Every structure is written in C-alpha cells, then in structure tokens.
Amino acid sequence: MKFFALTTLLAATASALPTSNPAQELEARQLGRTTRDDLINGNSASCRDVIFIYARGSTETGNLGTLGPSIASNLESAFGKDGVWIQGVGGAYRATLGDNALPRGTSSAAIREMLGLFQQANTKCPDATLIAGGYSQGAALAAASIEDLDSAIRDKIAGTVLFGYTKNLQNRGRIPNYPADRTKVFCNTGDLVCTGSLIVAAPHLAYGPDARGPAPEFLIEKVRAVRGSA
C-alpha cells in the first residue's frame, strides 16, 4: 500500500511539473551527445587516465540526461578528450518514476548495472582514476552502487557529485561506506527531495549552474590530487 501511494504521488507530481528544465535540456543538446558509452565501446589498449560514470535523473533522455553533458564538457576541457572517458548508465537502468519509491531509491537491476560499469572500468583500465555522479534518482543509484562495491574498487573513486540527492536525508548527506571528503552533494534550498520527500518542486530542476562549475571543479580537484596536475 505504501509503495502504491508513493508511486501515485510520483505520477501526480510528474503530471503537474516537468521532470527537467527545458533550458537545461537545450544546453545539453548544444554541448553534444546526451548518450556516451566511451567505457563500453573502448578497449584496454586505449584506456584513458580518468573514467567518469554518471547516472541521469528520472525520465531524462540518453544516458547522461540534462546535467551530464555539462560535467563531461568541463572534464574534457581539463584533461583533454584523450584523457577521459565519459560513460552514462543505461541498460537495465530505465530511470522510471516509480523506482524512486523503492527502498534504495532505484531498482536492484539499476544498481547491478552501475556496479557492472565500475567493475568493467576496473578490469579494463586498472590504472585509471574513477569519478562518478548522479542526479535525482541517479544520485540514489550512484550512492547505492558505490556503497555496494568491493572496497578495492570503491577506493579508486576519487570523487563523486550528487545533485538533488533523493536519499540525502536518509544517508545524512553522505554515501555509506565512502569518504565524506570525496563526496559533494548539491541540494538547492527548497528542493524537497533532499529533505525526505518525493515531491518535485522547482528548485529540483535548477542544478544546471552547479553542473557547469562547482561540480566538475570538485571532480577535477580530486583527480589532480591523485594523479597530479598534468
């Protein structure tokens, strides 16, 4: 009954408000592809020094959604297109609204999908520095998958950025089993999902400025702390 009520609430919210900001969608298209599969399509002979794995928000297009392309663009500017792979979470992660109401804020299949990408990155490119991110349901997904990772792989994730973190209250602004100083949570004032609700208000759709500046800056800083400034 509780799951049905929450799913109904999410559906009603979706009908009342857009699930993304049209300006952010336009910017994402202008920056380039909203789908990136560099890790999946790459091979071990062409590994990059940095691999960014990102989970989009509910109902967003591609596998990077509205915020991912901005972060990707900044990372490529910092490290060069030959220095970083960009990988969105697709496959079994459907980014459907109803999955927000599940206990971990997303589906078990989605968590396995993102776990598999981290594991693939570790196997294919064991010397790469990993960074991660997610928005809304994707933030919950990133947190859950990092929490569940083998510690040896989790230790390779230099930094993670979360926007509109739907498990922010429950996880006390952190990712369980992961260092707080490697985590940057962006929660706008008035974003109700950050305070334990699944109601989407306007501030939840306004993380574009963070994705263009503070978030990639945080990730770049964390990578350089590991690999140096080169």
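Glycine too: its Cβ is placed from the backbone N, Cα and C atoms.
The annotation signal peptide is assigned in Swiss-Prot to 1-16. What Swiss-Prot lists as N-D-glucuronoyl glycine is G32, and the listing cites experimental evidence. Residues or ranges marked as disulfide bond by Swiss-Prot: C47-C125, C187-C194. Taken from Swiss-Prot, the feature site 'Transition state stabilizer' covers S58, Q137, and the record attributes it to experimental evidence. Residues or ranges marked as active site, nucleophile by Swiss-Prot: S136. Marked as active site by Swiss-Prot on the basis of experimental evidence: D191. Taken from Swiss-Prot, the feature active site, proton donor/acceptor applies to H204, supported by experimental evidence.
On the structure: features taken from Swiss-Prot.
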{"residue": "C47", "record": "disulfide bond", "Cβ contacts under 8 Å, 6 or more apart": "W85, K124, C125, D127, A128"}
{"residue": "S136", "record": "active site, nucleophile", "Cβ contacts under 8 Å, 6 or more apart": "G57, S58, N100, F163, G164, T166, V193, H204"}
{"residue": "Q137", "record": "site 'Transition state stabilizer'", "Cβ contacts under 8 Å, 6 or more apart": "A55, G57, S58, A95, D99, N100, G105, T106, T166"}
{"residue": "C187", "record": "disulfide bond", "Cβ contacts under 8 Å, 6 or more apart": "G164, Y165, N168, G173, C194"}
{"residue": "D191", "record": "active site", "Cβ contacts under 8 Å, 6 or more apart": "G164, A201, P203, H204"}
Looking at the disulfide-bonded residues C125, C194, the one with the fewest other Cβ atoms inside 10 Å is C125
Counting across all protein chains shown, how many other Cβ atoms sit within 10 Å of the Cβ of the residue listed as 'active site, proton donor/acceptor'?
26
Inside 10 Å of the Cβ of S58 (site 'Transition state stabilizer'), count up the other Cβ atoms and send me the figure.
23
